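The block underneath contains the structure these notes are about, expressed in structure tokens.
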Amino acid sequence: MAAHTLLDKPLQFSSLLAISLFLFLVPSIAELQRFQQSAKADGSLSFLVIGDWGRHGLYNQTEVALQMGTIGEKLDIDFIISTGDNFYEDGLTGTDDPAFNESFIDIYKAKSLQKLWYNVLGNHDYRGDVEAQLSPILREKDSRWICSRSYIVNAEFVDFFFIDTTPFVDKYFINPGNQTYDWKGILPRYQYLSRTLEDLDSALKDSKANWKIVIGHHTIKSAGHHGVTEELLVHLLPILEAHSVDFYVNGHDHCLEHITSSDSKIQFLTSGGGSKAWRGDINWWNPDELKLYYDGQGFMSFQMTQNTADMAFYDVLGNILHKWSISKEAISTM
Ligand SMILES: *[C@@H]1O[C@H](CO)[C@@H](O)[C@H](O)[C@H]1NC(C)=O
Ligand SMILES: *[C@@H]1O[C@H](CO)[C@@H](O)[C@H](O)[C@H]1NC(C)=O
Ligand SMILES: *[C@@H]1O[C@H](CO)[C@@H](O)[C@H](O)[C@H]1NC(C)=O
């Protein structure tokens, strides 16, 4: 099996770093898939972000879904973003896995949630049949479902960059324990990772949108159980910094969290409260940077225009836990 090659030859930081250094010498092989998303007629765009959710309605998944329906209606949302870990514990077994109905279709039933769902994959999704989640058969079952490994959504004044972060994490390859991961389609790993970074880098460079949002399953900065993902800190963050990304949005830690940073303009947002939350599981983080850490279930919303962004986090009862706004001048787009 191909996975053994990687186990025999564990990926070292140094070799991955070497790949990053050569990144800009490699000619572009492929471009990321793109989707076009319209803003509303009044020039605004609103959406919800949920992560770490598919548990057959258990652990308050259903209650969170009901509140998403209510808030989604109120904000007249245009779409939903999922930060991954879409189906617990081990992704989907195939396109006919009943979990697709029981954890998605039958849970997010509210009228306002009948919009496109832009999904990324999480590590738990990689423990099942990944190609099932990517399959057009799921879209035939439910036309809301969009899932690809890494892709772009152009939404007029906002560009969204969805990044497949699971293959970046060394431990899933070096020390998988009793888990098996479906690495079909991403090996050889070095090539996959460097191409992903290269495609992201060039797409960010070409982006003319006033706002740039990057979405991945794994954390870059987090005070939660999993904490910082070193591989992303080293390889992904410099690319986001170089292109003035506004927000990095992730799941993985089962909490709601907002981190700003004195040495970066990027705001780091965790929306991983879709079902099972990890009460009390928090590490120290600089209080000047940690604007919210909530260890229960919930989700977040964005309402954006060309020059403004209003964000909010909600708990399982729909109460606003934290909200803030930012504005900026439109960049000149020639
Ligand atoms: C569901 O949410 C309520 C309200 O926050 C909380 O008291 C309860 O513990 C949650 N249940 C689970 C299983 O997490
Ligand atoms: C799954 O949901 C779809 C859409 O609502 C429905 O047509 C189909 O019968 C459901 N399948 C099962 C096994 O419940
Ligand atoms: C797999 O490993 C986890 C964590 O070490 C353990 O809790 C679980 O019982 C193991 N499962 C099996 C089937 O061995």
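Positions of Cβ are set from backbone N, Cα and C atoms, glycine also.
Binding of Fe cation 1 is attributed by TrEMBL to ASP52, ASP85, TYR88, and within the candidate set HIS243, HIS254, HIS258 the record adds HIS254 to that site.
Neighbours of the Fe cation 1 site: apart from ASP52, ASP85, TYR88, HIS254, residues of the same chain with C-beta atoms within 8 angstroms of the site's C-beta centroid are GLY51, TRP53, GLY54, ARG55, GLY122, HIS124, GLY251, HIS252, GLY272, GLY274, SER275, LYS276. Every protein chain shown contributes to the tally, and the Cβ of HIS252 (Fe cation 2 binding site) ends up with 28 other Cβ atoms within 10 Å.
Taking the centre of the Cβ atoms of ASP85, ASN123, HIS217, HIS252 as the Fe cation 2 site, the nearby residues of that chain (Cβ within 8 Å, site residues left out) are GLY51, ASP52, THR83, GLY84, LEU121, GLY122, HIS124, ASP125, THR165, THR166, HIS218, GLY251, GLY272. All protein chains included, TYR88 (Fe cation 1 binding site) registers 24 other Cβ atoms within 10 Å of its own Cβ. Taking only the Cα positions, the spacing between ASP52 (Fe cation 1 binding site) and HIS252 (Fe cation 2 binding site) is 7 angstrom.
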